[in-house]
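Notes to accompany the following structure.
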Amino acid sequence: MTETASETGSWRELLSRYLGTSIVLAGGVALYATNEFLTISLLPSTIADIGGSRLYAWVTTLYLVGSVVAATTVNTMLLRVGARSSYLMGLAVFGLASLVCAAAPSMQILVAGRTLQGIAGGLLAGLGYALINSTLPKSLWTRGSALVSAMWGVATLIGPATGGLFAQLGLWRWAFGVMTLLTALMAMLVPVALGAGGVGPGGETPVGSTHKVPVWSLLLMGAAALAISVAALPNYLVQTAGLLAAAALLVAVFVVVDWRIHAAVLPPSVFGSGPLKWIYLTMSVQMIAAMVDTYVPLFGQRLGHLTPVAAGFLGAALAVGWTVGEVASASLNSARVIGHVVAAAPLVMASGLALGAVTQRADAPVGIIALWALALLIIGTGIGIAWPHLTVRAMDSVADPAESSAAAAAINVVQLISGAFGAGLAGVVVNTAKGGEVAAARGLYMAFTVLAAAGVIASYQATHRDRRLPR
């Protein structure tokens, strides 16, 4: 049996009948992602005002650590207090943390505020995925997933531009004030969009204190995130590689511990014979390979002689491709076509990365820079055409329907930790390259080309492993 167009909801239905719910689910992710990129643009002006340059890296490091730790608690929060209370608690902490950042008299206070923002933001971003299956009809899961994850692309454009504007006007504190205002407005919408009753995953009543917090999983993932983040701080390759290896080991231990304990982050179906583990692995490979974007602005300035603003918009080409790919792919109806698209997505990414590799050169003319932008668009499209369908497959491939929200919540954990690994790996590749900046740029793109191409093994398994799925 194949899916028909009538079984797939429309964008009009999602953004009219479920407008409030869509704003809440996508809004939490947008707040988290926009705040991340906005703060990076504000930091130079912030340091010029309150000092603390030695703590520069920790503003983003502890934000990431806090968000990864919080992401591991999403399903537990839903089961203990329900969807509405989880959102309101996350928004309250995020708003308070934004006020702390806005009023920070020193960098130490700002770092504390950013840590709180990361904790609240990680919860909000995870809730955006985890509640798709319980707040939207199944016919809208794909479009809901596309809308939620598209917020990363939107944030990549809006965050740096907004942060740069506030910084240029000397109003960096006001930027955090605006985040507080947006958080308050969203909090007002939550009771209306999510209803009066606290609802857990799948619509069940929260079970209160009977569901334990996954303490060991939380600690291991927090330690892994910290190791990855600190890996970016040393100026020596050996320390960086060692920290990345330690982080990989911690993630491996996390998987083993999560498999053996009752209070877990990953749904039990991950460890079964189904496709869920391959779905997560495909997403992980895509996120790691996407982190080639970390060095695009740098190489754009040094090899293409672009201005900082132009180089920033060049880097945003990947996000544009991601968003466009998601919107277009979410309209696909045939299960067979969707399976082929998802399976081929890593190869689409690899083709874009290969194009980027062969076009890197010094003193690049406009035509070559246009090819760089095209390569990034292709890379982003490779992610976008698969991501919403991978999200739906994750929710739909669990052995027990009650695991569906846990499967969706784990997507955010996979996304955050994989992105951090990708950024760290990109740094190792660039810093070990011999032969100057052109060789470093080519080496980065080539290394990630190989990684993305290898991802086709996981994507094929993700779409063909479970023969029960319609063809």
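Yeah, the Cβs are placed from backbone N, Cα and C, and that goes for glycine too.
Swiss-Prot has this to say about the protein:
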- 23-43: transmembrane segment (TRANSMEM)
- 55-75: transmembrane segment (TRANSMEM)
- 91-111: transmembrane segment (TRANSMEM)
- 146-166: transmembrane segment (TRANSMEM)
- 174-194: transmembrane segment (TRANSMEM)
- 213-233: transmembrane segment (TRANSMEM)
- 237-257: transmembrane segment (TRANSMEM)
- 279-299: transmembrane segment (TRANSMEM)
- 308-328: transmembrane segment (TRANSMEM)
- 337-357: transmembrane segment (TRANSMEM)
- 410-430: transmembrane segment (TRANSMEM)
- 438-458: transmembrane segment (TRANSMEM)
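Taking every recorded stretch in 23-43, 55-75, 279-299, 438-458 and counting its Cβ pairs under 8 Å to the transmembrane segment (213-233), the highest total belongs to 55-75. The stretches the transmembrane segment (410-430) and the transmembrane segment (55-75) are in mutual contact, each linked to the other by at least three Cβ pairs under 8 Å (pairs 6 or more apart in sequence). Sequence-distant contacts of the transmembrane segment (55-75), counting only residues of its own chain at least 6 positions beyond either end whose CB sits under 8 Å from a CB of the stretch, comprise 32, 36, 39-40, 43, 47, 86, 107-108, 110-111, 114-123, 125-127, 130, 201, 213-214, 217-218, 221-222, 224-226, 228-230, 232-233, 265, 405-406, 409-410, 412-413, 416-417, 420.
Three or more CB pairs closer than 8 A are found between the transmembrane segment (337-357) and the transmembrane segment (279-299), so contact between the two stretches is assigned (pairs 6 or more residues apart). Within its own chain, the transmembrane segment (308-328) is flanked in space by residues 146, 149-150, 152-154, 156-157, 160, 164, 290, 293, 296-298, 300-301, 369, 372-373, 376-385, 387-388, which lie at least six positions past its ends and keep a Cβ under 8 Å from the stretch. Counted over residue pairs separated by six or more positions, the transmembrane segment (279-299) shares fewer than 3 Cβ pairs under 8 angstroms with the transmembrane segment (237-257), which leaves the two as not touching. Touching of the transmembrane segment (91-111) and the transmembrane segment (174-194) is concluded from the presence of at least three CB pairs under 8 A, sequence neighbours closer than 6 excluded.
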